[in-house]
Structure formats: C-alpha cells, structure tokens
C-alpha cells in the first residue's frame, strides 16, 4: 500500500463496496488495500486526518497478514516460536507500534481468513499454508473458527417436495463361485469389486466458507475429471478450489509422526553418581541513586555489577551454567530490589 505518495485524488462516499482485497506481496514495505464498487476500482493511499484513526487497525492487520504470508512462503515449516521471534525482530512501518504476540492474537481470525483465501489460489501440488506448524498451533491456541458467520437475515425457503427418489442400485446377491465367475466374465462393468477395499470418503466440515460455496468451479483438474464435466471420474477428487481448511489441518495433524518415547525402567538407568553443579552467583552489586518504591519493590536507574555500570536498555552477556554453551544475549528492562532484599533485574532474552 502506498501511503505517502503525492498525486492521490481526495474522495468520499464511494460506496457501496462490492469487494475488497489485499495485494502487494512482492517485498514492499506496505501491503496494498483496494476495493471495488459498481463504478470502478480504487486503491487506498493516505487517509484524511478525520479518518486516520479508523485506518490504524486496518494498517496493523494488513501488515500482519503480509508478514505472516511472506514468512510462510519462504519457510513453510516455521514453528510458532519462530513466528513470534520474527514479529519482534521486524521493524514496522512509520506510524505503527512494535508487533507482539498480543497484536497477533487480537487479529488472529482476520489473519487466518486471509491465509485461507491465499491458499484457495494454490496449485494442486502446492502445500497449503494453513497446514504449517505455526498456523496449526495458532488455530488451536486462539480457537479460530473457519465457519461462515451466520447472516442476520435469511429468506424463508419453501420446500414443496420432500420425497427423495430412490436411486437405481444393483442388488447384492449371494451366489456360488461358478455363477460369480460367469457374472465377472460377462458383466465386468456392472460389478463393484473394490467396494470392500475402499475406506470412508473424506468430506468437508460443511460449515466453513469454502464448504458452503454453491458448486464446483469446473475448471480445475479435479473438476475436469468429474462425470458431470465430461471426465472419466478415475481420480475421484474434490474441487481444488473447495479444499476445506478444517480438514486440511486435521489431515496435517494426522500425518505428523507421533513422538512417543518410552520411559526408561529402573534396570535401564546407569549406575552413576549424581553430579551437582553450583552456580557462581557471587557478584558485588551496588545501587546508584535514590530508589523509586512501588508495590513493595524498590526500582533503580543504575547499578554497579562487579564494578561495571548497568542501566535499563543496556545489553548484557549471561554466562550459562555449562562452560560448553555460548553466552546468552539479553537486554536489561529494569532494575529492582525485591521485598526480601534480593537484588534482581528483568531481562528480555534474544535466543
């Protein structure tokens, strides 16, 4: 979205809006928000001063969608922790605050809906982005519902004929091997040999927006193989445009290998003495300045740790308990003394 480019045309009351969409996933800083009416299509640029507060939430949601989709396209196996780390490391555009997990959970329904719509244009051999590990964890964590929102008003439909016409089916008869061989020889097309070998057919959930579409597209490879579109019906696959996101997530969860490890028994445990390590925490800490007491804590603006000045916002290296591990990098958020007299400081880790 080009927010600050001169040359835009001031406009108002362009509705009613028939459709709107997000584009601009080519690596630019801003996603492009556009909408269409009965008279034309419009690209949103810089909002007016009166309308700017309403666009802040839209900017945040669209930037989150762009960030999530670009990350999933580059790394489909991204975990949920990696997604949160990417949010914290990404510098947002001018006018937006730093992105956190709270921003993602606030707009999780919008983000998942846009990822699902992005998957609707995927090729048959492409893996759906909604089945990535981070999106599955996000759906479970936030309880995302892909079902279509109920309409406020529905037109009453009258059902004039509720009888169902009985379908013409071949009767299953009991026969001897001689008669069975004769029928298989003369009527091979009328006999269903694989009826027992087939498992239950996979169907959609019936409540998502994709499942509630009126019909198949008729142009994808699966539709062209159907009998009603002149195909041979050998593949027996559903329309690729109507792939249910709920079933895709369920299939991805079922295909994950189960990580089950048996607990070692008493005979499997090695007979070795237990090694105990004591951390070297003896550091001389001297507070500098007057404290600010709040909630039974005393906050300080500076401290001397081992003769070195530490301020809020400084970056420090933390020595782990094992010498073979590298040093941890962290940022000091604030310094305080607890109600028990313990000198402590709050860190933000960079793992």
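Yeah, the Cβs are placed from backbone N, Cα and C, and that goes for glycine too.
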Residues flagged as region 'Disordered' in TrEMBL, choosing from 184-205, 206-227, 228-249, 250-271: 250-271
Tertiary contacts of the domain 'BAH' (308-351) (same chain, 6+ residues out, Cβ under 8 Å): 85, 277, 279, 285, 287-288, 291, 296-302
Reported mean pLDDT - the domain 'CXXC-type' (198-245): 72
